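Engineer: First, the structure itself, so that you have it in front of you.
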Amino acid sequence: MKKPFYKVLYVQVIFAIVVGVILGHYYPSLAVDMKPLGDGFIKLIKMVIGPIIFCTVVTGIAGMQDMKKVGRVGGKALLYFEIVSTCALVLGLAATHILRPGVGFNIDPATLNGKEVASYAAKAHGQSSVDFLMHIIPNTMIDAFAQGEILQILLIALLFGSVLAHLGERGRVVTDFIDGITRVLFGIVHIVTKLAPIGAFGAMAFTIGKYGVGSLVPLLKLIGTFYLTSVVFVLVVLGAIARFTGFSIIRFVGYIKEELLIVLGTSSSEAALPQLMEKLEKAGCSRSVVGLVVPTGYLFNLDGTNIYMTMAVLFIAQATNIELTWMQQLTLLAVAMLTSKGASGVTGAGFITLAATLAVVPTIPLSGMVLILGIDRFMSECRALTNIVGNGVATVVVSAWEKELDRAKLRAALSGNGEAAAGEAARV
């Protein structure tokens, strides 16, 4: 029996977002007080992200038997991430050259006050490549889970799963126990997800109430350029990859619409991570691939952030009438490929990575970031949406490369008949 439309989660989330926008516009002081609703929902989701990643990766690797496969899957995922991330960076650069959203501002860099972005610049200079690599190793196992550090948890899970795979039948009891914990954790996610409309309402009301719709007007061209470029990236770049793999990007986006709406309402791609992992398994991707690709993708495959990076730098250059040589732009691409890695989960990640990138192109003033500080919050939704679609597609692609994609389940899921096909398992 079909649910009444008002009981469907994505309908509830859409309604909550609309109400949040209305409240934020007409009653901004009250709307700002709604912030704890959004923050609380995201905290509830983050509460289970670490344990879910640990359990999913451990059970996936423990069932692989062949440990060479773990390295193979990881290698293929990283290769895919680099290729697609580069496409996103180049597309952001090309779109800004074509649409020229910064032309006409004629801003004198000397008049810009960089105090508002000083904290982001300090964070950007504060972490070197060595610091980043050392940060992957936790002080203790407990500390990794307590801090919610995805890379650290992933490292622990890889080691734990590898040992269980080596033990074979002797480790079966532990593997079965962790698998049972996984089911409990996803049950918790189902309960928490029902609160998504409340979280989306609170986050959207706060955003509109604090920043106001009026703050968008002067920079609408940049916002429009970014949103348009992201749509083109999803439909053309990811669409071509999806078609080559044997599925429709439009149907895939429709399949994860609830997760996308949660991301839209909360501006956090992490808010939908557990649900995305579960849906990808239901769509025929193997648990081992989902467990490895999705968490690493949230750190190394930030397509939306990559588009934003090159676009923001070139926008600042155009707005301040600074001409960049092709060599400087190629340097920008190379640096952005490095600075964007591992940015997910860091407060103000977009601005921190942008500051790190600008530091390598000294002709563009760091204070130019002030120009987009006010609208960054409105662009974060698009970044997060593009990131989650990109990671979903990446997981399906790597599963197909590994011949661990159940195409019968995938077709059924994307056509809306996932449950009916649940029993069909024809690995291809």
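Cβ coordinates are placed from backbone N, Cα and C, and glycine is handled just like the others.
Quantities reported herein were computed from a predicted structural model and do not represent experimental measurements.
Pulled from Swiss-Prot, these are the listed features:
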TRANSMEM  8-28  transmembrane segment
TRANSMEM  44-64  transmembrane segment
TRANSMEM  78-98  transmembrane segment
TRANSMEM  148-168  transmembrane segment
TRANSMEM  184-204  transmembrane segment
TRANSMEM  222-242  transmembrane segment
TRANSMEM  307-327  transmembrane segment
TRANSMEM  355-375  transmembrane segment
Engineer: Could you name the stretch, out of 44-64, 78-98, 184-204, 222-242, 307-327, with the greatest number of CB pairs under 8 A to the transmembrane segment (148-168)?
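Structural biologist: Answer, by Cβ pair count: 44-64.
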Engineer: Would you call the transmembrane segment (222-242) and the transmembrane segment (8-28) in contact, using three or more Cβ pairs under 8 Å, pairs 6 or more apart in sequence?
Structural biologist: no
Engineer: How about long-range neighbours of the transmembrane segment (307-327): same chain, 6 or more residues beyond its ends, C-beta under 8 Å?
Structural biologist: 88-93, 95-97, 100-103, 105-109, 222, 225-226, 229-230, 233, 333, 336, 339-340, 350, 353-354, 357-358, 361, 363-365, 368-369, 371-372, 379, 383, 386
